[in-house]
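Working notes, beginning with the structure itself.
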């Protein structure tokens with residue numbers, strides 16, 4: 001892209017109208033499907049939140065203003081699921097980041113087994129979320145799962161724990177799986193960032209007598225800042241909007257303890273048929289994400305300036 | 001600077017911990033898929049199967065729904081990949097080469113499509129596709145996948161296009177080649193690695209996709225592999241974990257093949273797309 005910006009041909013004025021026409025021609029095959037199946041549904045989806053739309057073919061739909069939102073305000077189940085969604089998003093994103101940064105730092109040294117670790121770190125990314133969920137259900141199975149077996153052998157517990165079925169352990173267990181799935185993308189991105197840091201910075205710091213810790217704190221982290229902000233923002237969005245993994249792991253149970261907002265809205269729309277209400281929930285989610293990103297990015301960017 | 005022995009030791013302990021955390025679940029899944037039903041039911045499970053037994057795989061492949069799911073997934077993934085490439089190539093060329101007003105719009109759309117929760121999109125999509133009789137059909141899912149893997153495909157491909165030296169195209173146009181001719185015979189051959197990488201990502205995202213399929217496909221005949229697998233788990237009680245593990249391994253194979261192929265390029269190629277895009 002830098003080439004495009006600096007290329008002298010771009011500056012020439014006379015070429016422009018023709019270029020624009022050519023560009024539009026090249027866009028044409030994508031335009032129609034994107035408008036019909038992406039742009040229009042997005043706008044329609046936002047608008048649906050202000051209607052009483054229901055599933056079914058010949059149901060009348062009325063504009064109801066902020067009715068859905070005032071109902072949501074008093075819907076404790078929705079706010080519960082929202083709270084769970086925030087806990088899930090923040091825990092997974094933060095722990096994922098810490099774990100991935102540790103792994104990326106290790107992979108950036110001359111340590112052995114780097115190749116193996118790198119390959120293993122990529123596999124979770126390639127697996128279908130449904131398969132990941134099935135795999136962890138096998139691992140955490142109360143009677144013949146290995147995790148319980150190991151815990152009992154180490155005498156950490158005297159009875160098998162039903163991790164995904166207990167009120168107190170379900171959410172933490174699901175968070176661990178979330179970290180496992182999301183680590184690869186974060187690790188790869190951070191590793192690429194690490195490899196882009198100028199080595200002479202470290203050499204200069206070493207000459208000045210800076211230890212490993214101070215080098216990490218004063219060189220690595222500031223140099224990585226842009227990459228960190230970008231990947232944590234993306235992780236946050238992805239985690240907040242995630243669905244398939246938890247749907248197969250627990251389906252929101254036990255007793256709604258892992259009912260992420262996406263699962264809640266899905267049930268509202270496709271189990272109970274309340275399209276309008278589900279869209280209103282989606283609207284609230286969008287507003288929250290945008291507000292969150294706004295404050296997060298604003299603070300990050302300000303501290304950078 | 002020399003690394004001190006204690007630091008070294010700590011580093012190896014940390015690597016070992018990561019290897020176990022990342023690798024053990026996979027090892028367990030594969031070993032479960034190779035255990036006989038008797039061994040599976042054992043109260044003291046062993047990490048590796050005592051006797052390697054492939055009956056889980058034959059059981060899984062004898063399951064009607066599973067093979068059909070595999071076929072449906074394959075069909076949907078291949079078609080949507082082809083469509084994405086056809087549509088994404090000209091657009092990413094235009095994005096990388098022209099400074100038209102459509103560029104900021106497209107980049108804005110790519111961003112927005114990442115931020116929005118799919119629940120907001122899936123309801124209207126369902127309402128649009130139903131009167132067209134495209135819900136519960138394979139073409140319906142294919143076009144939805146096409147549109148929804150497009151942002152990522154564009155983001156990747158435009159980086160690759162930008163890396164193709166502009167001088168080559170200028171030389172071709174001096175020789176009198178039209179724009180279309182230049183794209184087909186100069187740019188496309190040079191883009192081959194980029195096209196392959198984009199195709200693989202599109203294929204995998206369609207292969208792994210769950211949410212849209214869950215909403216759009218109700219007919220058991222049309223269900224994709226992830227849907228079939230998810231239903232197996234749902235039927236707790238009589239669920240047979242051995243064949244389920246085997247089917248899960250089979251479902252992961254295509255992705256693993258692609259990732260093995262991509263592995264070297266992943267760190268450099270994917271992110272160069274990001275930086276240059």
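Every residue, even glycine, has its Cβ placed from backbone N, Cα and C.
Where the annotation comes from TrEMBL, it is an automatic prediction and has not been curated.
Database features (TrEMBL):
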DOMAIN    B:70-262  domain 'ABC transmembrane type-1'
TRANSMEM  B:12-30  transmembrane segment
TRANSMEM  B:76-96  transmembrane segment
TRANSMEM  B:108-132  transmembrane segment
TRANSMEM  B:138-157  transmembrane segment
TRANSMEM  B:241-262  transmembrane segment
Margin query: At a threshold of under 8 Å on Cβ distances, which of B:108-132, B:138-157, B:241-262 pairs most often with the transmembrane segment (B:76-96)?
Written below: B:138-157
Margin query: So if I exclude everything within five residues of the ends of the transmembrane segment (B:108-132), which remaining residues of that chain have a CB under 8 angstroms from its CBs? That is, six or more out.
Written below: 140, 144, 148, 151, 154-155, 211-212, 215-216
Notebook entry, point to check: In the same chain, who gets a Cβ under 8 Å from the transmembrane segment (B:241-262) while lying at least 6 residues past its ends?
Noted result: 29-30, 32-33, 35-37, 40, 55-57, 59-60, 63, 66, 70, 197, 200, 203-204, 207-208, 225-226, 229, 232-233, 269
